[in-house]
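J.: So that we are looking at the same thing, I have put the structure below in structure tokens.
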Amino acid sequence: MAIIEQHQLLENLKEGIKKAQFLSESVLVSYSKQIEFIDPLVFYRNGEILYKGSRIYWSDVEDVTMVGLGSAVVQAYNGEERFEKIEEYWRKVITGAVIHREVDVKGTGPVCMGGFSFDPVQMKTRLWKDFPDANFTVPNWLLTVKGNQCFLSINASVNEHMDPCTIESQLIDLEMQLLKNNTIPTPSQGESLMVEENQINEWLAMVHKSIDAINKGEMEKVVLSRTTTVTANKTFDQSSVLLALQERQSDCYTFAFEKGTSTFVGSTPERLIKKAGGKFNTMCLAGTISRGQTAEEDQKLGETLLSDPKNRDEHQMVVTMISDAMGKVCDKIVKSDSPQIYKSKDVQHLYTPIKGETKRELSLLSVVKALHPTPAMGGVPTEKAIEAIRERETYERGWYSAPIGWFDEDGDGEFVVAIRSGLITKENAVLFSGCGIVADSDPQSEYLETKIKFTPMLTALGGGWE
Ligand SMILES: C=C(O[C@@H]1C=C(C(=O)O)C=C[C@H]1O)C(=O)O
């Protein structure tokens, strides 16, 4: 087992405390090093007692997993200026921080992880009581796994009254506990669950109404979502759910944000934006069909989707909006002229990747703000669609269909759109699923599409459709 490089950590803590004395405010100290391999889900589980209510799990499509435990720094904000407020706060934290890395690896050190709600104006309900419109934290402990290499970052907020030796010895004790070997969880399966799709008739009526509004020219597209409630006879085991998601949804981003007694979990195929220096990567994902039972049927379904005018139109609206938004902030953008197929375990989508580049200073959060909500989650025109969602949907979306992700001290990072997800509270889970409604939509097919989109979460909880 790797032991903290005591000397260096102590030096960093001393420096941080001195700085805190000088500034008369808390300072973030961050120290990272390579450690022996530990399964990220074991680390997540090891943090259950000490850091219950503040754990984060994030695994991307490029084989990087990050697990955050506890909060060295946390910032929450409700209201429409959330992107600016988080950015302002982060700049301040990072300017004062003392950062030391034994290894120069992205995704280590003071990584700020969190998410936003879909609509800060939508009425708040109890469901999302622990999830503000913006909530970001720098975990006390961040495990970063790249392939089979593991890195541990220790982040601590220190103030002028602290004693560096005491903090150091506490950290050494904690590290031993968090890195201990433990059994790897097994995926949940065949659990006895009660599964209830909520308000199906109300949802279908809302789809009919929206199609009428679209035909009257009030808008072109609106994304309507609904919920399914799942109840188990015992508390869901988060590590098992995450493992099941990761194994079945290998082409997706698997995430968990634990806040208080609830955890927002899911496996999304949809990247919103990734920033590395002046390079940005985004994608348009809209237009859906099921997977086939055989390779031949699957291929045929993909071809049907590619040549279906209704899905192509729906997809094009997303491409137009995202290319316009990226075109405004980047010096150049590159995108293909026609969509490809993106296959995940349960569904296939139309997919157009878009790359952007700029030489100017452009922050990740300002691009998140410019893109959210894309017409894959809101609609066209955006304002009309958001109003329709606010008025018609019968529940609070919270963080579902909203940007979640991370960024670092250089401003690099990645945000995805939190779909194929659910909110777990002890033995209860609320799952979310939506689809784009356009003039040619057939309410029954849209209902079935949303039903398939519940499948990734439902199976991860150990259930399935009858
Ligand atoms: C809104 C969701 O999915 C979005 C809607 C899609 C569609 O309407 O075809 C496809 C992918 C996603 O952009 C969801 O899964 O909840």
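Using the three backbone atoms N, Cα and C, a Cβ is placed for every residue, glycine included.
Below are the features listed in TrEMBL for this protein:
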type	residues	note
ACT_SITE	Lys221	active site, proton acceptor
ACT_SITE	Glu270	active site, proton donor
BINDING	Glu314, Glu449	Mg(2+) binding site
DOMAIN	201-453	domain 'Chorismate-utilising enzyme C-terminal'
J.: List only the single closest residue to the residue listed as 'active site, proton acceptor', chosen from the recorded positions Glu270, Glu314, Glu449 by CA-CA distance.
T.: Glu314
J.: Around Glu314 (Mg(2+) binding site), which residues of its chain at least 6 apart sit with Cβ under 8 Å of its Cβ?
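T.: Counting only residues 6 or more apart in sequence, the Cβ neighbours of Glu314 (Mg(2+) binding site) under 8 Å are Lys221, Ala286, Gly287, Gly436, Val438.
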J.: Find, for the listed recorded positions Glu270, Glu449, the residue with the lowest Cβ contact count at a 10 Å cut-off, counting only other Cβ atoms.
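T.: Result for the recorded positions Glu270, Glu449: minimum number of other Cβ atoms within 10 Å at Glu449.
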J.: Just counting, how many other CB atoms are there within 10 A of the CB of the residue listed as 'active site, proton acceptor'?
T.: 24
J.: Grab the pLDDT values for the domain 'Chorismate-utilising enzyme C-terminal' (201-453) and give me their mean, rounded.
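T.: Mean pLDDT across the domain 'Chorismate-utilising enzyme C-terminal' (201-453) comes out at 97.
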J.: In terms of DSSP three-state secondary structure, what is the assignment for Glu314 (Mg(2+) binding site)?
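T.: For Glu314 (Mg(2+) binding site) - judged by DSSP and reduced to three states - the answer is helix.
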J.: Taking just the CA atoms, what is the gap between the residue listed as 'active site, proton donor' and Glu449 (Mg(2+) binding site) in Å?
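T.: Given the Cα positions, the residue listed as 'active site, proton donor' is 17 Å from Glu449 (Mg(2+) binding site).
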